[in-house]
Structures are given as C-alpha cells and as structure tokens.
C-alpha cells in the first residue's frame, strides 16, 4: 500500500510538471495596435507564401517560408526585396503558420543578420481581412504617427498624460480583441504638436477625435 501511494505521488508530480511546462511554454503576446506593430517593425510587406521548409536548428527547428513579394511598405533601408520569412516551427514559441499558395498576407517582422523574422506577436494578417483604414495606414498614415504613443486603457478611469498620447480603449468594449480604433483609426501628430485619433475615409468622411475622447 505504501508503495502504491509513493507511485501515485510520483505520477501526480509528473502530471503537475507537465502542466506547468505547457503553461510556461505557451506563447503570450501583449495587445498591440496595428500602428504600433508597423512603427516597431523593420519590414512591412504584402506577399503571397509559395513554399516552406523546416530547417533543423534549435530544439524545435525554424520554418522558412518562401514568399512572392507584392509590395514593400517599410524596410527599404534594410533590404530591397524579401524572398524568405523565418519563424519558429513551434507555435508554443510564437511561431506563425501561413497557408501556402492561398492568400496574400500583410507580414511584419524584424531583420537579424540579413534575415526577416516574424512570429505570433507580430502583426500578420490576410490582406483581404484588413479594413480600408488599416490598408491606408500601412500605405502612409501610420508612418505619420510613429512619434506618437498609443496608450492602452484596460480599466476606467484612464487618461492621457502628455500631448503625444492617444488613449486606446478597444480593450474596454471588445474584451481584448481588435476593435473599432484598431480597425479604423490612426494616432497622428497634428500641426499643433498634439497627437489625436484620425480617421480618413474620403473627403466626406474625414473625422478627428480628441485623444481623451475615444
């Protein structure tokens, strides 16, 4: 009986350690507005993924995706053309998975030793799923706001504390999922030096909202 209890104890220890390991190995990313993702990336491109190859390096390997670049929006100072995208092969290590020969993607990433790396914490999205405002932001508008700071608001009350901040309140109404400000607004520096949310759809639909009024 004592031997049985000892074996059962060891089994519980093993199961607990496995659960802790799964928890610690899970990928966790802070929420980021698409503008922040753009401004903090070395490379921003639109591309179609046409192939992939698992490279045997590291414990889980690295996935190398071959892409057909359609357009580069940011990164001309790093490289003129991107042929491969690298990411961890394991999703638990924030590796991202792309479908082959199906969709065009917006891909953002960092350049390290001449290679472009991306992951689940970067902003990677199928192009047709982006809103019109997001596409305009990627084309030119987000660049105008890279000196601004998008301040997340998770709980009320929250306030801006400097003139270069825009209050991001999507988390309050969309429970952490990309919401209205993420899809339709950019935080732009105005002539007076203040940053405020801006939505520009057409000449009839140009609206600015104050940084303290989301």
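Any Cβ shown, glycine's included, is placed from N, Cα and C.
Where the annotation comes from TrEMBL, it is an automatic prediction and has not been curated.
What TrEMBL lists as signal peptide is 1-26.
Sequence-distant contacts of residue 27 (disulfide bond), defined as residues of its own chain at least six apart whose C-beta falls under 8 angstroms from its C-beta, comprise 91, 92, 93, 94, 119, 120, 121. Annotation comment: TrEMBL describes 27-94 (among others) as disulfide bond.
Summarising the annotation, TrEMBL assigns domain 'NTR' to 27-146. Mean pLDDT for the domain 'NTR' (27-146) in the predicted structure: 95.
What TrEMBL lists as Zn(2+) binding site is 27.
The number of other Cβ atoms within 10 Å of the Cβ belonging to residue 121 (disulfide bond), over all protein chains shown, comes to 14. Feature annotation from TrEMBL assigns disulfide bond to 29-121 (among others).
Counting every protein chain shown, 15 other Cβ atoms lie within 10 Å of the Cβ of residue 146 (disulfide bond). According to TrEMBL, the disulfide bond annotation covers 39-146 (among others).
Annotated disulfide bond per TrEMBL: 148-195 (among others), in sequence order.
Positions annotated as disulfide bond by TrEMBL: 153-158 (among others).
As annotated by TrEMBL, disulfide bond applies to 166-187 (among others). For residue 187 (disulfide bond), the Cβ neighbour count at a 10 Å cut-off comes to 30, with all displayed protein chains included.
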Which residue, of the disulfide-bonded residues 39, 153, 166, has its CB surrounded by the fewest other CB atoms within 10 A?
-> 153
Between the Cα atoms of residue 187 (disulfide bond) and residue 153 (disulfide bond), find the distance and write it as a whole number of Å.
-> 15
Which residue, out of the disulfide-bonded residues 148, 158, shows the minimum number of other Cβ atoms inside 10 Å of its Cβ in this structure?
-> 158
